[in-house]
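Sequence annotations record features per position, and here TrEMBL assigns Mg(2+) binding site to Thr89, Asp91, Glu104, Gln123. According to TrEMBL, the site 'Transition state stabilizer' annotation covers Lys106.
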Amino acid sequence: MVLRYPNGQPYYKNASPVEKIQEKRKQITEFGNRGMRFEEAINESNEYYLSRGLAVIHKKPTPIQIVKVDYPKRSAAVIKEAYFTQASTTDYNGVYRGFYLDFEAKETKNKTSFPFKNFHAHQIEHMKACLEQKGVCFVLLWFSTLKRCFYLNSVNLIAYWDAQKEKGRKSLPLSLIEELGIEIKTGISPRIPYLDAVDFYLSTLSIEGESKNGK
């Protein structure tokens, strides 16, 4: 079993610097193939952005109530029973270039579409509330089988979510995501350079603002 810190990073007990580098290289290869979790790659990307003073973005903690704990050893505790105290909203939030960012990260093995069932109504309502406050709200979609990642503005997601009952659509077609979203090419540092997509989105807002002002 791999031990991890709260931010998802692996814990190397008494590992030498060489062993840590070898493990890091292995993880890079695995994410490009299939091993690394999408969430962990985003967490590492956030650490990269933070360490360089580019953005302050963190994963939101999930509120839980611990009910039962066993102590097999004096120095160890094992949670046996716990439950969520409230519904979670989105996965991440923070600040970038003076803008409030709020986003959800989802993945699917599906090759042709992204199922709506991956989202929950309370998450959609939270996104709507963030947009009303002029926040930059979006989703990162990872097609694990295709190894493709997309940035999709929450405005687009919400529009198709709201229309799903009327049109009977149960998923977002990949072709539509390709049209409306921004594809993100995975890398090493950062693993998921999603702020590039945010920059592009913010640039479109600037262009729209100039057009409205007649510039």
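Backbone N, Cα and C atoms are what each Cβ position is placed from, and that goes for glycine too.
Just so you know, TrEMBL annotations are computer predictions that nobody has curated.
Projection of TrEMBL feature records onto the structure.
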residue : record                             : Cβ within 10 Å
Thr89   : Mg(2+) binding site                : 17
Asp91   : Mg(2+) binding site                : 20
Glu104  : Mg(2+) binding site                : 24
Lys106  : site 'Transition state stabilizer' : 18
Gln123  : Mg(2+) binding site                : 21
Lys106 (site 'Transition state stabilizer') and Thr89 (Mg(2+) binding site), distance between Cα atoms, whole Å: 13
Listed in sequence order, residues not in Thr89, Asp91, Glu104, Gln123 with Cβ within 8 Å of the centre of the Mg(2+) site Cβ atoms: Lys60, Ser88, Thr90, Tyr92, Asp102, Phe103, His126, Met127
